[in-house]
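Step one of this worksheet: look at the structure below.
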């Protein structure tokens, strides 16, 4: 790849620009890091404009359930009588077994109220065919908040049949077809193919459309979350792919998260550097700041006391002047 070129500026947000050469250097580092992987990015020029394109990893950081479309492309969804594929290649099993095509996107789902003691899908009677959980969080199969089965809860055969009748999956992840509600596991990763000209709202809509999510894109925002605790919200005018390139490729340092707008507050670097300290250390910081504040207050009080005495002395001299004449 040729990473040379002219020095014109590339927009990376509202009133924010970066030189083409600098961006290409960041891109070169990014691609070296992901050498041999499908996360490498490509770039080209169209009418003198530099365009970078490729996959962007986005981590799920939702705290509330999201809603799936009940119908896909105006096609009616009906529970299949046996293990067979359904719309757009999403394979379903009548008893919870899943045949997942390798070309479909992955999304991890989990029970919003589930505990570590909850049984995995397919572990109960009459639900064979479930695969063991993968090491990667992206492929772990868990059940939605509807119809989750906990240890010790006995169900009659009729209840088990009713649950299986309403139990569907998208790419191997179970949810209840009657409600179409589930919560992606926090921190699980998906990706979307975008380019450097797409703004934050466009990327959000693309991600929601990919998984047929009914929620409005206005409910969500993209954040760059650092391991230090710093959280930076991407504005509507920002370009997420360029932001990812500038942050560097290593996701151990920072990740792009999809989160609810009303659930997350931005955390600046100045605040983030204190987040991971223990309480005794933070208390010692506060104590030192209070001592420093007291010293500054006393210093100011002495300064202004001296100024007050000088002013009063000068006033006395002025008042005595006409009398002496």
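Using N, Cα and C of the backbone, Cβ positions are placed for all residues, glycine too.
Per TrEMBL, the range carrying the annotation region 'Disordered' out of 32-51, 52-71, 72-91, 92-111 is 72-91. Looking at the stretches 115-165, 166-216, the one that TrEMBL records under the feature region 'Disordered' is 115-165. Per-class residue totals from DSSP over the domain 'Ras-associating' (175-263), listed helix then strand then coil: 25 helix, 31 strand, 33 coil.
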